[in-house]
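As recorded in Swiss-Prot, the features of this protein are as follows:
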type: BINDING; residues: 259, 264, 282, 343; note: Mn(2+) 2 binding site
type: BINDING; residues: 264, 341, 343; note: Mn(2+) 1 binding site
type: ACT_SITE; residues: 271; note: active site
type: ACT_SITE; residues: 345; note: active site
């Protein structure tokens, strides 16, 4: 798939960087073969240097390359990893759409003082996967697609180091696509049982320990919160645990907890039709955790990790749980149910407690939890909450490295008072619509207790209704790369 070479050969296409107000030595060398015509195109603004612009130039036999794709990156001083990701992803999409199977990239043309060749190689391989991802459909009339099968990386840097960076980037991109495919699956095809089977296959592939708790075992452990959500369903619930041992001693364990609600009708607090369509994606947190575990399994960081996925659907029937019910969670805390559509936090409550039972010293939960976070932060920023600023800073640094933006929301004492306000139980699961995202996160904090914890609400970032820089409409695979990067950096400390 990737080859590292020092010189150009015969290629269907070559990708070259263009910065504003600067003609690089790479462009100057090409311009000699074009007898000054490239500089003329630049002077006439027919080769664009604007961010994310792509200009195609046919060689017309002047070189052994058929066509060149010049990628505009804007001003060099404003050049970022986010610009690089978006620009290269768009380029790979373009090559795929134009049915080019063999391409090369002048890697060093994208290198600056801020971004070295290792960074560029990692990002190029990552967005090679992300940008060319195709939505998996079930149409009987399937179109034949031509894929971009080969990318040759031209660089003067050390080949082994570049190959290693390409491998890591590719693993990150491929695992993100795995998560996308899971989230896009129809709910009749991805039940809690099927999700558990997927997780077990992943664990066995990468030699991880695993446990899948059945309903009877959950009852023995007192997982009343997850079981309450499952009451209305004919599909059995699953509590999934994947255990990766990256150190000889079982300590400093990171617990990744992903919400695995395979379909959410809202239960008796029923969603309207428009609010229900798309709820197959309510297991986006579970997919993010499984994607991260795929990366961890491939790259083998020296860090202990537990992945926990509480999984069920949330449907209506004569046996479904109801507003006014009082349930007992695995932690022993009782919960007054005021809203059955606030079910994700109930499942996660038992997931967090189970992660602690298995030895997690740090907790990061990921969930498509609230519409409130979309109102607050929109569809491009993940909401975050924490009880430990040190852990949050580590998550934030990982997210900045992957360009998956997060923003911290507060937890004040009055927020805790609101989730503890119940005449009948220790907690209530839905204090009201105002501050909805904060209330949900604060509720989860009651189960994290003193264990360092970060909550990531991906309700706005888990999917998109239109094509975007890094892929097609549908699931984004958000937080896969951030979680994996967090674990990788923990393992390096």
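Residue numbering: from 1, along the chain as shown.
Cβ from N, Cα, C; glycine included.
This view paints the features noted in Swiss-Prot onto the structure.
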| residue | record | Cβ neighbours (10 Å) |
| --- | --- | --- |
| 259 | Mn(2+) 2 binding site | 29 |
| 264 | Mn(2+) 2 binding site | 27 |
| 271 | active site | 15 |
| 282 | Mn(2+) 2 binding site | 25 |
| 341 | Mn(2+) 1 binding site | 19 |
| 343 | Mn(2+) 2 binding site | 28 |
| 345 | active site | 30 |
Query: Cα of residue 282 (Mn(2+) 2 binding site) to Cα of residue 345 (active site): how many Å, rounded?
result: 12
- line: Once DSSP output is merged into helix, strand and coil, residue 282 (Mn(2+) 2 binding site) belongs to helix
Message: Return only the integer: C-alpha distance in Å from residue 271 (active site) to residue 341 (Mn(2+) 1 binding site).
response: 8
Field: Sorted by sequence, non-264, 341, 343 residues with Cβ within 8 Å of centre, Mn(2+) 1
entry: 229, 261, 265, 266, 267, 269, 271, 282, 314, 340, 342, 344
